[in-house]
Amino acid sequence: MNVIDTDDLEKHTPMMRQYLTMKAEHHDMLLFYRMGDFYELFYDDAKRASELLGISLTARGKSGGDPIPMAGLPYHAVEGYLAKLVQIGQSVAICEQIGDPATSKGPVERKVVRIVTPGTLTDEALLQERQDNLLAAVYQGKIGFGYATLDVSSGRFVIAELDTRESLEAELQRTNPVEILYSEDFGELGLLNGFKGKRRRPEWEFDYDTSIKLLLAQFGTKDLHGFGIADARLSLQAAGCLMQYVKDTQRTALPHINAITRFNQTDSIVLDAATRRNLELTQNLAGGRDNTLAAVLDNTATPMGSRILQRWIHQPLRDPKHIQARQQAVTELLDTAAHEGLHEQLKALGDIERIMARLALRTARPRDFARLRQALGLLPELQKSLSTLSAPHTTQLRQHLGEFPAEQALLERAIVDNPPMLIRDGGVIREGYNSELDEWRGLSEGASDYLVQLEAREKERTGINTLKVGYNRVHGYYIEVSRLQSSQVPLNYQRRQTLKNMERYITPELKEYEEKVLSSQGKALALEKQLWEQLFDLILPKLHELQAFARAAAELDVLSNFAERAETLGYTCPELSQDIGVQIEAGRHPVVERVSQTPFIANPVTLHNQRRMLIVTGPNMGGKSTYMRQVALITLMAHIGCFVPAGRALIGPIDRIFTRIGASDDLASGRSTFMVEMTETANILHNATASSLVLMDEIGRGTSTYDGLSLAWSAAEYLAQQVGAMTLFATHYFELTQLPELMAGVYNVHLDAIEHDDTIAFMHTVQEGAASKSYGLQVAALAGVPNKVIKAAKHKLQQLESRDHQAEGTRTPIQSLLALPEPVENPALTKLSSINPDNLTPKQALDLLYELKRLS
């Protein structure tokens, strides 16, 4: 029962009418309805919560004549349940009691005070600290797509104009949003498969004019020209929808979202979705984070540094000036060993980026202020450490760190050393910060001394030696006397509570003091909460500068991390060349060398204008895929400013990296392994350029031998002669090793292996020239294929090789075998290609249609 007909509300009890009205306003999310110490869920929400969270499904009487399914969870455990729900993409509206049950007539007044969705989280208990938490919106135009992402936990707002479906797929893979908003008529829902937290939004939320007004109001500007995004129509529509959604869910000002940037694909090396997946940059093929490039490179000191490192990995730079600026900073940190002390200093900063977002949203907790105080207190020491460094990029970052002595002093005066988790019960504001607060606290805290004095005085006055003065939250202050001595109490003692062996009393004097103390406690807490809110007002004027401090510290963390990784893992600084090419001496795979049980065999690669394609042959398990991937990873690492696992590396300009490595069925889209392989191949052949790095592994193996060989040959030929891309082309079709004899710039290399009797030893070394054989039977034996099968295979192999040898004299050269007949010219197509449809009148178009039918 998620959509309620208001005509039916009268059938229900007053409390259920209140619940159903609120549920109708939040029909697309679970409603946590506060009742005392529990959050209750009813009807379909209860059933879903029971299933998702493993909590009991019960019933709460009847309303409207029907039993009410119900599930509940204790309020103090809500954060753990919320974490489970947002991880699976479920949104939650939290409804609290805001009225006083003692004075309420009918149901206690309630209000939805918080909406929790996967993409709008800021609470550190719900966030993955070392991963971005992105909310995305996508809008489809007549041509192309608009894409926007926002990290509410940091304020980072980015848009992109994307021309093709493939570009959108790559962006989704790169940004990996946890929640996606899409319009009602979005036509590429297949791209969203596998993403959680998908939200279908009405078309009007993407209205262009409304979006512009929203963004101008948010940024406080008259236009968007200053952001360089005024012409990004589709992505601005996506950004507008996203902004409205965040406003609706956060229900507060969003001052930390103060800028928007445009992602331009021309600024970074383009990596399509298949390449990001195949290279296992931040996620392995099983969906985890172990044994990825990020896992090897990430020894950052802060969570915000880890997040920016992953963004760098997915956005390798093309501008050599920016790359060299990072390299110079890393080199200086390494040469001076400054990275060692810097790591410890940065580690103490914590996650200032997300703390500032919570401050902006006014959801920060006392310990956030304490961490900010600590970070600001460390700034002078950090500035001193950086003052000896002269690399331009480091100097620039140092300037952005800033100094905040007034804010640090304020927090030192205001917040106790070890504040509690919440402001709810007080104890956050330091003594001496506010004299009125100290006075009210003094009245409350002096109660224990007063009670001791009162107890001694009453014992002496009454002569009752069992008399005690105490307090509990239910009955307040009391004088306790044993039942045996209760007959001795004075007349002014009024019985308050009877226990098994005791009687409890109150006196007019004690009652008056109780009211005074309880009043002082309430006033102290109210004043402390007021002072707490004022702290936000005093810190937030420096919000933008503090955000800049966080960004600069995070980037320094990554650069320091690069220096440490270079030292620890034996990486060298790559050289950047203006000439196209990739030349690597003693290159290593950054991930495999860390997990391998045996020493990793380093290998070279040489690609340049006169040597643009390598045909890579060798046995299965010989290391072909590892070799190819390491070339791509070293190239990528060089373009993020990181040192690389190689003896030496000279890297030229790269515009794209493509990989066609491995494949599996795409059952969700109904595509076979071979179809996936051919789709990825087509993407490469259409989009690769002479400045691209292309890795092609086992093209054509998903179909018949001759079909596969023909496709592999033609793809290699096209890349070598038409595109001219730098290509590593691994294959088991030995016919392709003839390509170097037929085409300039194509060379053979192979992964070496040694055969001894029926066994094989993989040398994992790259040698010039083609492999002599594939060693398939030996690899099968190593895999545990039964001996009978291996023997039968050997016999069959001898028969086939003998037949091939007999036919050697009549064999057609491979290029002739693969040559296709020249296409016959089609007069209809010739006529069609000569026409400009924009110049045709309706009558001419109709006449042309009849003519084309005749020609065909």
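Placed from the backbone N, Cα and C atoms, the Cβ positions cover glycine too.
According to Swiss-Prot, the protein carries these features:
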BINDING   GLY618, PRO619, ASN620, MET621, GLY622, GLY623, LYS624, SER625  ATP binding site
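By a simple count of nearby Cβ atoms, those within 10 Å, the most crowded of the binding-site residues GLY618, PRO619, GLY622, GLY623 is GLY618. Following the DSSP three-state reduction, the secondary structure of GLY623 (ATP binding site) is coil.
All protein chains included, SER625 (ATP binding site) registers 20 other Cβ atoms within 10 Å of its own Cβ.
Same-chain residues at least 6 positions away in sequence with a Cβ under 8 Å from that of LYS624 (ATP binding site) are, in sequence order, VAL616, THR617, GLY618, ASP697, ALA730, LEU751. The local packing around ASN620 (ATP binding site), expressed as other Cβ atoms within 10 Å of its Cβ over all shown chains, amounts to 19.
Its Cβ placed at the centre, MET621 (ATP binding site) has 18 other Cβ atoms within 10 Å.
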